[in-house]
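Novice: Pasting a structure here, questions to come.
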Amino acid sequence: MSSSASDSASSAAPFEKPRAVVKKLLAESQPEGQGATVRRSIGRHELRNLDPFLMLDEFSVSKPAGFPDHPHRGFETVTYMLEGAFTHQDFAGHKGTIKTGDVQWMTAGRGIVHSEMPAGDGVQKGLQLWINLSAKDKMIEPRYQELESKDISRGERDGVEARVIAGEALGAASPVYTRTPTMYVDFTMRPGSRLHQPVPEGWNAFVYVVDGEGVFGRDKAAPTAAHHCLVLGPGDGLSVWNRSDRPLRFVLVAGKPLGEPVVQHGPFVMNSRAEIQQAMEDYYYGKNGFERASQWSSSSA
């Protein structure tokens, strides 16, 4: 988004084509990983995907549950810690712990095998978003972008605070490089505040409510509470009002659609059944990016 677009994000800026909520989905709990439970919204049969987004999970995990060794190919995972900490290890020797407010942006590319496990006692909470990669990027080398909470850009205006994970909002811009063009902003709105946030036209967008309740899209819309995913229709921006007596926290995510076929088999996301078959074969036989898969296991395995 251009700086002029973000500069126009003041609480008084109307939109020519305001985005309305076209689908509302409660993220329901389901088992995932090893003894873990997630609230999934994008990725369920009611919302199989929202190009370029493949999945959104809100996880709430305590030891010994977690997400032990598993592969990925063909997309990116963005893990954002809301509370607690998670430790990540992969077969290339990358290891680290992300804590409350930290972000890990992992490009799986041609292949990663990794584990994601709780790092502390008690409940560890966060969001994990899967973002598809275009056909030309699916077999690139894996890479990581990790941001500590203190390094995430922040903007504040008229009772609204933005933590900018990707893109721009309220005059703040993220340093994260998004191979698939993406904006990802964590907003907190004080009671009585309102927000008018530009969103690039032509991009698909959604809101996930983390805490509190708010009015999204239309001034007269009914309030939406926590754990709901709201798919937004076309337009140039989103308006939000917090008419409750406590803070509202939500993430606004938008991405440029790839417009390509999506064929998914568990942790592999490609463009054709043949490519999925190849990914399964590569993982099984340890080739084309999975050479280290058979010799490696994480310390949590």
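Just so it is clear, glycine is given a Cβ too, placed from its N, Cα and C backbone atoms.
So TrEMBL lists these for the protein:
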type    : residues                     : note
BINDING : His70, His72, His114, Glu116 : Fe cation binding site
DOMAIN  : 37-131                       : domain 'Pirin N-terminal'
DOMAIN  : 184-289                      : domain 'Pirin C-terminal'
Novice: Which entry in the list of binding-site residues, His70, His72, His114, has its Cβ near the fewest other Cβ atoms, using 10 Å as the limit?
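Specialist: Sparsest of the binding-site residues His70, His72, His114 by Cβ contacts within 10 Å: His70.
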Novice: When DSSP states are grouped into helix, strand and coil, how many residues of the domain 'Pirin N-terminal' (37-131) land in each?
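Specialist: Result for the domain 'Pirin N-terminal' (37-131), in helix, strand, coil order: 0 helix, 65 strand, 30 coil.
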Novice: Using a Cβ cut-off under 8 Å and a sequence separation of 6 or more, which residues in the same chain sit near Glu116 (Fe cation binding site)?
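Specialist: Result: Gly33, Gly66, Phe67, Thr79, Phe86, Thr87, His88.
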Novice: Other than His70, His72, His114, Glu116, which residues of the chain come within 8 Å of the Fe cation site, judged by Cβ distance to the Cβ centroid of those residues?
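Specialist: Leaving out the recorded residues gives Phe67, Asp69, Pro71, Thr77, His88, Asp90, Ile112, Val113, Ser115, Pro267.
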